[in-house]
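Take a look at the structure set out below.
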Amino acid sequence: MAKQFEDNYHRKFYYLRLSVTDVCNFKCTYCLPDGYHPQQKKKPSFLTLEEIQRVTGAFAQCGTSKVRITGGEPSLRRDFTDIIRTVAEQPGIRKVATTTNGYRMARHVHEWRDAGLTNINVSVDSLDPKMFYQITGENMFNQVMEGIDAAFDAGFEQVKVNTVLLKDLNSQQLPQFLNWIKTRPIQLRFIELMQTGEMDQLFNKHHVSGVSIRNYLIANGWVLKLKSNNDGPAQVFCHPDYQGEIGLIMPYEKDFCKSCNRLRVSALGKLHLCLFGEHGVDLRDLLQQDEQRDELIARIQGGLAEKAVSHFLDEGNTGMTPNLASIGG
Ligand code: SAM
Ligand code: SF4
């Protein structure tokens, strides 16, 4: 193995989030409220299968063991199953995950599993179909629920569900969510709304901290679980009476960045050291031939030297990120 990717603050990077497209078919109010629009007139050309193979190969050589394929909506790529297979084939990659809005899961999740997908996250912002529509702009609640059933059927032992916590919307529905996971091995993760560049009033209106949920859980017998080194930033709670778990992702909490273990590569081949706050290091010219691997690794290592200690979101910074779909949330 080449030298493990590490930054100036001794954080090691086991986890790559790889965006494979910016395109999305949903219109989530906090992400793409007006739907997807390309940033330039020319149709963007997203990473090819060969480029994906080269970039994940380089990361794997430097200690990355987990890759999450994300977007935009990654399952919109026609070659999505081949992407999963390509990533899974890289020596050293032990976990291949994806984050999806779930609309293609019911039909394709078996095929994804067979190709090597080991972990799946589905976004479900409400268990009430009307509110689901209100938040995502799509009437696909039942389809997404069928997708989750299909994932269990395909052999996933646990499904993770991402729910962006929104004040006066789903924040009132904790009892419904808890009831849902009582008999299902679902890790339901409440993500605090993050402020991005294109967001104006929404953040002030709907941001709410996860603290009150954490207090509720602790007061009701839920216990915080320990983490392993390629786990995400969620604080995960379990309870003996529940098959499911609750995760809390609270990016505004002090020290959130201390345990950062992930790097991102955008669908256009830029290395992003953080979700927020920088332009990215272009890697694309070094993804054209297998022989460029050493140079590619050196460029990534050079970029890492610039990784900041924190995202400074708590100071109102939204950096360069217009929305999370554009960089792979
Ligand atoms: N389209 C896929 C999906 O929605 O699952 C993958 C990409 S999406 C950008 C990844 C995750 O980021 C989703 O769970 C979404 O809810 C979350 N997300 C998007 N914008 C966000 C924001 N402003 N604050 C917090 N989470 C956000
Ligand atoms: Fe699409 Fe995911 Fe953004 Fe919703 S959160 S608009 S599904 S990329």
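Cβ coordinates come from backbone N, Cα and C, glycine included.
Copied over from TrEMBL, here are the features:
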| type | residues | note |
| --- | --- | --- |
| BINDING | Arg17, Arg68, Thr99, Lys160, Arg262, Leu263, Arg264 | GTP binding site |
| BINDING | Cys24, Cys28, Cys31 | [4Fe-4S] cluster 1 binding site |
| BINDING | Tyr30, Gly72, Ser123, Met194 | S-adenosyl-L-methionine binding site |
| BINDING | Cys257, Cys260, Cys274 | [4Fe-4S] cluster 2 binding site |
| DOMAIN | 8-234 | domain 'Radical SAM core' |
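Known features from TrEMBL, placed on the structure.
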residue : record                          : Cβ contacts under 8 Å, 6 or more apart
Cys24   : [4Fe-4S] cluster 1 binding site : Cys31, Leu32, Gly35, Tyr36, Gly71, Gly72, Glu73, Leu76, Asn101, Ala325
Cys28   : [4Fe-4S] cluster 1 binding site : Ser123, Asp125, Ile135, Thr136, Gly137, Val164
Arg68   : GTP binding site                : Tyr15, Leu16, Arg17, Leu18, Ala97, Thr98, Thr99, Asn119, Asn121
Lys160  : GTP binding site                : Asn119, Ile120, Asn121, Val122, Ile186, Gln187, Leu188, Arg189, Gly247
Cys260  : [4Fe-4S] cluster 2 binding site : Arg11, Pro233, Cys274
Integer Å distance between the CA atoms belonging to Arg264 (GTP binding site) and Cys257 ([4Fe-4S] cluster 2 binding site): 15
Cβ under 6 Å from ligand 1: qualifying binding-site residues of Arg68, Lys160, Cys260, Arg262, Leu263: none
For S-adenosyl-L-methionine: widest Cα to Cα gap among Tyr30, Gly72, Ser123, Met194 in Å: 16
For Tyr30 (S-adenosyl-L-methionine binding site), the three-state class that DSSP assigns: coil
Rounded Cα-Cα span from Arg264 (GTP binding site) to Met194 (S-adenosyl-L-methionine binding site), Å: 17
Filtered binding-site residues, from Cys28, Cys31, Arg68, Lys160, Arg262, whose Cβ is under 6 Å from an atom of ligand 2: Cys28, Cys31
Rounded mean pLDDT for the residues that make up the domain 'Radical SAM core' (8-234): 94
